[in-house]
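Summarising the annotation, TrEMBL assigns repeat 'PPR' to 9-43, 44-78, 79-113, 114-148, 149-183, 184-218, 219-253, 289-323.
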């Protein structure tokens, strides 16, 4: 354009800035904005909207807010998109109260929210686990004459499940179905995962069958969900067959896929198979998988092979708080409270935190076998560790 003698204008720059933002070249977007100012080209409200979006994306909400105030107090009139960017950005950066406050102020000044505005606010409230407020906004959404879309329903449904409000989540699911919305694989997997967690395996099976009958092509998340379901049902052969199917579909199993299989083998008491699959993971180049090793450790403990679990623990080069919690908990189950106490102290010295319920189990266990003095010493060490860390 420059070689042809055509001077780029604000539209040219906005196109480039927007494209860079869409490709997540956020610093490039901001550089182009600065270049535009240096060339004496006055930005418009759309330019500022993109800059706000970029600043929110790179975790600079204060700077985004300053740009927003420049728009509001300057010569520009904010567009609905400006408010949507602001509300969405505040929510995604954890400032849900500020987003809600801005939303209410705008309504008082005659702003009519769009579907996008409501979805951004509902999503923010859901991520903050403010289920009541999210449902309230959803009701208001309907009262405004809008029809929630699949994104709205899926967001609220997932939030219900995360907050352990499973019945409410299923109500949202059934309402979504009654409205004739088609599900994507993500929505199906959200429901199936929640049903599996609550032990409702038959219902989870029905949802999987619906997904397959509706012709939804499974992605890796769908396959992982299905493998998890089969493992919970003890259908390990079916779960292992799915590994072959994943490869035939041109997908690659991730660390999570293999961890589910290892957990399933542990649930079935096949610890040799679990160890072999862990070794197989290493040959695939996944490296050390602490989550999978923790699964084996927990499985051994629950099956009563506590000495085997202790040997595995000693051989582990990398441990985390879950590793210690698993073994302390299983030592308590085996009524080996002195060993549990020593391990708990070792854990606290390493700076890890163990659940208070597990700590309580060790203290109560020591008292129950007559080691009252040891329980007092352990309490003192726990208090000291809290002070130091």
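Any Cβ shown, glycine's included, is placed from N, Cα and C.
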Give residue numbers and ranges for long-range contacts of the repeat 'PPR' (184-218): same chain, 6 or more residues beyond its ends, CB-CB under 8 A.
150, 153-154, 157-158, 161, 166, 169-170, 173, 176, 225-226, 228-229, 232-233, 249
With DSSP helix as H/G/I and strand as E/B, how many residues of the repeat 'PPR' (9-43) fall in helix, strand and coil?
26 helix, 0 strand, 9 coil
Report, as numbers and ranges, which residues of the same chain sit near the repeat 'PPR' (289-323): CB under 8 Å and 6 or more residues beyond its ends.
255, 258-259, 262-263, 266-267, 269, 271, 274-275, 278, 281, 329-331, 333-334, 336, 339, 347, 350, 352-354
Sequence-remote contacts (6 or more beyond its ends) of the repeat 'PPR' (149-183), Cβ cut-off under 8 Å?
115, 118-119, 122-123, 125-127, 129, 131, 134-135, 138, 141, 190-191, 193-195, 197-198, 211, 214, 216
Where else in the chain does the repeat 'PPR' (219-253) make close Cβ contacts, counting only residues six or more beyond its ends and a cut-off under 8 Å?
185-186, 188-189, 192-193, 196, 201, 204-205, 208, 211, 260-261, 263-265, 267-268, 270
